[in-house]
Amino acid sequence: GSGMAFNKLTDDGSSTPAGLVAAALAHALALFVAVSIGANISGGHVNPAVTFGAFVGGHITLVRSILYWIAQLLGSVVACLLLKFSTGGLTTSAFALSSGVGAWNAVVFEIVMTFGLVYTVYATAVDPKKGNIGIIAPIAIGFIVGANILAGGAFDGASMNPAVSFGPAVVSWTWANHW
């Protein structure tokens, strides 16, 4: 949505450096809010990769993980459909690779960025030894996503979140390099 808005304001400027900064800031702030408001309900789970990490670490059950994954993926699809409708049918673009970036380059980049995100979640929100640092978990999580978008957005869109990739892919029916 932030990319669509920036495109509308700047005549297709979302792929410029300013567009990347705007997307990073919008994602950082939106994720900060989403994790904050969901923290007491679901633990702030909005990302299937983070949910998977919590499951592997024994912090949630398999059944709860599956329910969260379904909700996260459906939420992404519904959000993209609402975005498409509310913007008068503008294209909800799927993630894509930049020129010169191969699929394996992007896979490694996504693994590194997602690891950084999951590590931040564990260190600030999940770890029982976190102490008072848990209070900053939502902003720290938002900041790492914003920083990762600044680092990886120009290469592969910096998804770090299967739900963030899934919704636009379904709505635009674009599955190239969806992995």
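The backbone N, Cα and C atoms fix where each Cβ goes, glycine too.
Positions annotated as transmembrane segment by TrEMBL: 20-43 (among others).
Taken from TrEMBL, the feature transmembrane segment applies to 49-70 (among others).
Look at TrEMBL and you will find 103-122 (among others) tagged as transmembrane segment.
Summarising the annotation, TrEMBL assigns transmembrane segment to 134-155 (among others).
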Surrounding residues of the transmembrane segment (134-155) on its own chain - C-beta under 8 Å, 6+ positions past either end: 20-21, 23-25, 27-33, 35-36, 39, 44, 97-98, 101, 105-106, 109-110, 113, 116-117, 120-121, 123-125
Beyond the flanks of the transmembrane segment (20-43) by 6 or more, those residues with Cβ under 8 Å of it: 1-3, 6, 14, 54, 60, 68, 125, 137-139, 141-143, 145-147, 149-150, 153-154
Non-local residues, at least 6 beyond the ends, that sit with Cβ under 8 Å of the transmembrane segment (49-70): 42-43, 114, 117-118, 121-122, 126, 160-162
